[in-house]
Structure formats: structure tokens, C-alpha cells
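A.B. asks: These came from TrEMBL, pasted as-is:
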TRANSMEM  31-54  transmembrane segment
TRANSMEM  232-253  transmembrane segment
TRANSMEM  259-277  transmembrane segment
TRANSMEM  315-336  transmembrane segment
TRANSMEM  356-385  transmembrane segment
TRANSMEM  450-478  transmembrane segment
TRANSMEM  498-522  transmembrane segment
TRANSMEM  600-623  transmembrane segment
TRANSMEM  635-653  transmembrane segment
Amino acid sequence: MMELEGEKPKYGEPKKYDPTFKGPIYNRGCTDIVCCILFIICILGYVAVGILAWSQGDPRKVIYPTDSRGQFCGQAGTPLETKPLLFYFNIMKCASPMVLLEFQCPTTQMCVEKCPDKFMTLLKAYTNKEDFKYYKNFCKEGLEGLTVTQILSSGLCPAMLTPSKPFTRRCFPALGQKKGGEITVGNNSKFDDGEGNIRDAKDLVAGVKNATVVIEARQVAMKIFEDYTQSWYWILIGLVIAMLISLLFIVLLRFLAGIMVWVMIVMVILVIGYGIFHCSMEYVSLKSEAGSNVTLKDLGFQTDFSVYLHIRQTWLAFIIILAIVEVIIILLLIFLRNRILIAIALIKEASRAIGYVMSALFYPLFTFALLSIVIAYWAVTAVFLSTSNQPIYKVFNETACDHSRKICEPANFSTSSMKAECPDSKCLFAFYGGETVYHKYLIGLQFYNVFLFFWCANFVTALGQMTLAGAFASYYWALVKPDDMPAFPIFSSLGRSLRYHTGSLAFGSLILSIIQIIRVLLEYIDHKLQGTQNKCTKFLLCCLKCCFWCLEKFIKFINRNAYIMVAIYGKNFCTSAKDAFFLLMRNMIRVAVLDKVTDFLLFLGKLLIVGLVGIFAFFFFSGRVKAFENTAPNLHYYWVPILTVVVGSYLIAHGFFSVYAMCVDTLFLCFLEDLERNDGSAERPYLMSDRLLKVLNKKNKPEPAE
């Protein structure tokens, strides 16, 4: 439907010719000052929260195991420095279901130098001087002159000792299994519990199982950590190779953009094709292997991920996924072949721009350094906040007691009314908490820490986008390159962004951070309601999470283009966002096809680098190549370094290609403005390159002869 005469266009007026416009405006003023002031105040508050957390927190609480008195086992500079292990007086009491709720065994726990390595009861050890001397290593002080009955009633010693082994700095019974499946402890199937009862070793299993419920995942974590210690230098070599390949790829794009794009496309298709072939060979080779036809559903979750590689269904899943990706890429290439030619021309132009602004390739290192500082500050503050609670002690008992799980004071518990009413009860360390004003609002401080982390991280990313946009825009609008460009485009653009547009950067990143924190809250609510929510609640939460995910993607798109307009014109965030959005909407077809095709080609570049490095890492760490068998480290899980190298390679490639992507997006907006401002006449010539003019079937008219 045609617009009525005099009616304002739906997406604003197209840009008009301005003979004074020469690219990024240098005579500009500060924008979004209120948001700038708010951001500075919040940063000062963030520093104050960090100082408060560092003064109250104690990271030792997450490093060292804690005994029943709340003391840290193995802490340097304390009397317990030589006692790094935690010993349970009666591990069988850990079989209580309450352990799974409170993460605390209702038995005395103390720090010891080493775990017991022999069977022994207090009754027998008391009659032998040497045995009792050994037994005292696992008892509290104050045993002199007391009988066995008095020692046990006071809870100063365990009734028995069982051979144990340290695991995650805790002593657990050294359980074994005979060929018939019989459970043993210290090679014996029965033991004396110290109270005159002969019990089966299997009675210890439930206690050990519950005692390790919180830390059983740490066994996997420890193995992963060991794998990192064995392979960290090879991982670094892999990441360096990824960086060199990325840098080489960018340099080649500078001179051979057209050829490199087609080579990249062919290489990606070949790499995926090889992946399908390799997976097919593995699938066929497992046909005769026993147990390979077990389904993934029957196998369940396994901490040793290499087990899945011996299942045919795993390789079949790989084949299907890779085949789908291969078909999608080929179909896109067939139907978008004409648009790919225009995208290649845009990439060539981006290559020329990066050639004039080579320092842009190293700017991601600056962004990475700033993001590392933000992440480190957030992580350290989070640890100190989470460990700034005070030790809380509760009453633990074996029989019914009205005071069970109530807060108690260990210093005077033996003479308290609680002890008198419940003789078998103990006042043990339960967890870290607190009742002060600081502890009441601790969750709020943690929330503030997370929110400021998002805000600062988004601000750093936005600063990088605006800096690169300003540098590449100065290239596009320069009539004579590089004479009409600043001497140092990156530094010039960075200075303008920080001096004039900190408020705009803070405004855009604040909007994005609010959406991200809402997504975090939705995930938190979903986690808290797990198992109690009905289908309606599940559906509502799922819809909300989906909507906010889409909203986050949309805001990122708007912010990115708004920062480009701010870098060029120096207007405030809202005006720039509106101008960018309307400009894109007036050229919707070009945006939907050309810009996204360019993004797709750059994504293929990342995929190629990750694929090459990933294949090399797989054959090296898995020992599939005989040349590397003696060189590759011996690992628990060889997928650990492979995944690390793959993820690291993607991040490195993304860092280099993000410069290209920002360059393409900036040139694309400038290119759209160029089409609106100019018409190719002698008075209003297009400023785009001859390559783009040729691909778009446009040309500049020569000046009329005098």
C-alpha cells in the first residue's frame, strides 16, 4: 500500500546528501551522562562490596576439610598444619538419611596426620601400652586417668579403628571385594565394632556411600585436574597452533579473499566428509565387538566418557549429526550462490580495511585482558562472599531428642540442659552461616556481584565493538586512503569512545545485563521448583526462558548496530539505536540475506580452524597415530585436553574473526548509508570500492567535460 502524500515514512526518512560529512564526526559532545554517572557509582559500590567480602571471607573454608570444632585440617601456620586428613569416629552413622539433607555426619570428626591402617578396638588397645599410644592419634585430649567406659561416654575416642585410605582429604574404610562379590575391609569380611559386636564389612558401605555423596563428583574432578597437569603444555601448543592458523588465515584473506573463501568452503565440506567417513569406519569396526550394541539409554551416565566410544550407537549419532550439517551447508551454497559473490566482495573490502588498520587484529587481546580482569574480580569476590559466614553448630543425636538439629555452643554444651535431656547427643559443626545484618543480606551482595559482572563484561565487549566500528568507519568514508584517515585509527576511536560515550556504552550494556540477570533468575526459579512444579508451571517457565533468550539476541543485534552509529555520528544511545534500526529496516532484504551470508562464511572459517585443530588433537591425545604413541601423555580421560583445545581454538578463532565480523557490519551500515546519501553523480559519487560497485551493478558517473 502506497504512503499518503505528506505522511511520514514508516521507518524514517532516508539519509540525505551532506557535502560536509566526511565520516566519523570529531566535534562531538558527551552522551548519556546520567547513565555514565550511575555506572561510575555502581563500580564504586562494586569495589566496596569486594573490600567488604575480602575483609569477612575466608577461602580456607573451601580448601581445607573442617573438623567438629570448625577448625581447618592441614592449614599452614596452625597446630593442625601436620594433620591434613579428616577422620570420622563412627563412619556407619553417616548412613542416616539426614546426611543427604544436611551434608553432615552425626559423629565426631577430627583432624589426623594419617588414616588408621589396622583393626583395633579401644577395649583391646587400652590393655596394651604400644597399641594405646597408636590409638591416641585418633582421640581427643584429656584421656589421662580415665577408664574405657568414661572415655567412650565422654566421646573422647572412637570405639574402634578400621583400616582406611584418604580420599579428598578424608579417611574412608579401605573397602574391597572378593571374587564371590563379598565386601571386605582390610582383607577381612567381618570386624569388631568396639562394642562387643562382630559385624559384616558390608555394613560400612551405606555409611561410606552417604559420606561421599557430596564429594563423589570430586573424584572425576581430581582425575580431570591430573589430566590437565599432565597435558597442559600440549594444550598450550594446540592453542598456539590455532592462533597461528587463525592469523595465517586472516593474512591470506587480506590478499586472497575470494580464493580463500572458496577454499575455506571446500575444506569445511571435506573435513566434515572425512568426519563422516571416520565415524562410519568406527561404526563398522565395532560390529563384531562384544557389548557394542548396548544403547546409550541402557548404558546411562558414565564418568569415563571413553566408554561411549565403544558403543556403536555413539558413532551412529555422530554420523547423523555430521551428515545433517553437511547437507545444510551444501544446500545453502546452492541456493545462495549469487549472494555469496556479493558477500565475498564485502569480505574483500573488509580485508582492505583491516590492511589499513592492522592494529585492529591485536585489539581482541586488549578486550581479552579486560574481560580476564572482570572475570577474576567476580570469581574472587564470589568466593570470599560465599566463605564469609560464621561456623554454626547443631545438636546431633542417635535417639529421639527434642533438641535435635537445634543450634548449640560447643564450649558449654557438656554442662547445658540440652546435654542433660539428651545424654547421647553431640554439639557438632554443621555449616557456615550467620545472623548479623551482613549475613542476612549476603544473598543480595551475591546478586549484586553477579549483576555487576554482567554489566562490566558487556561494557568491555561494547567498548571493543565501538572502538573497532569507529576505526573502520574512518576507512570507509575517507576519500583518499590512507591520507584522510587518522594516523592511529584504533587509538583515536578508543579515545573518543571513552571520553564522550562511556554513558552510551553503559546504557546499552545495562539493558543487556538486565535481560541476562532475568534469565539467570528464571533458571534459579526453575532449579528451585524442580520436582514440585506442575505442567502449567513448566510450560510457563519454558516460554519465559525462550522469550528472554530471543530478546537477548535481539538486544545484542540492536546494541551492536547502535554502537556503530554512535561511533560515526556521536549521538546518544537511543537515537543511534533508532537510526540504525530504521536504516536496516529500510534495507531489510539486504540485511536478511547479504549480511547473514557474510556471517555464515565467517562462521565456516571458524569451523574450519576448529575442525583442523580438533582432528589433530584427537589423533594426538587418543594415541591413534603410532608416531605420537610415546609422545602423548597418559591420561584418565583423553577427551579432557581435546575438548579444551577445541573450545580454546574456537575462542581464539572467534577473537580474530570478530574483528572481521565487526568490520563487515560497520562497512555494511556505511555501505547502506552510502547508497542513500549518494547517487553516483559527479556531485554525489559513491564512496564504496570499485569491486562493490561492480557487484551491485552501479557506477560513478564521470565529471562532465568543461
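Just so it is clear, glycine is given a Cβ too, placed from its N, Cα and C backbone atoms.
Curation plays no part in TrEMBL annotations; they are all automatic predictions.
Give me the local environment of each listed feature.
C.D. replies: Within the chain carrying the transmembrane segment (259-277), a Cβ under 8 angstroms from the stretch's Cβ atoms is held by residues 249, 252-253, 318-319, 322-323, 325-326, 329-330, 333, 340, 344, 347, 601, 604-605, 607-608, 611-612, 615, all 6 or more beyond its ends.
Packing against the transmembrane segment (356-385) from elsewhere in the chain are residues 49-50, 53-54, 56-59, 62, 247, 250, 442, 445-446, 449-450, 452-453, 456-457, 460-461, 463-464, 467-468, 471-472, 475, 481-482, 485, 488-491, 655-656, 658-659, 663: each is 6 or more residues past its ends and has a CB under 8 Å from a CB in it.
Tertiary proximity for the transmembrane segment (450-478) is limited to same-chain residues at least six positions away from its ends with a CB under 8 Å from its CB atoms, namely 21-24, 39, 42-43, 45-46, 49, 350, 353, 356-357, 360, 363-364, 366-367, 370-371, 374-375, 378, 382, 484-486, 489-490, 492-494, 496-498, 501, 505-506, 508-510, 512-513, 516-517, 520, 559-560, 563-564, 566-568, 659, 662-663, 665-667, 670-671, 674, 687-688.
For the transmembrane segment (498-522), the list of distant contacts is 28-39, 450-451, 454-455, 458-459, 461-463, 466, 541, 544-545, 548-549, 551-552, 555-556, 559, 562-563, 566-567, 570, 572-574, 576-577: same-chain residues at least six beyond its ends, Cβ to Cβ under 8 Å.
Among residues of the same chain six or more beyond the transmembrane segment (600-623), those with a C-beta under 8 A of the stretch's C-beta atoms are 231, 234, 238, 241-242, 245-246, 249, 261, 264-265, 267-268, 271-272, 274-275, 329, 332, 340, 343-344, 347, 629, 631-633, 635, 638, 641-642, 645-646, 649-650, 653-654, 657, 660-661, 664.
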A.B. asks: Other than its close neighbours in sequence, what residues sit by the transmembrane segment (635-653), given a CB gap under 8 Å and a spacing of at least six beyond its ends?
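C.D. replies: Here the qualifying positions are 223-224, 226-228, 230-231, 234-235, 238-239, 242-243, 246, 304-306, 605-606, 609-610, 613-614, 617-618, 621-623.
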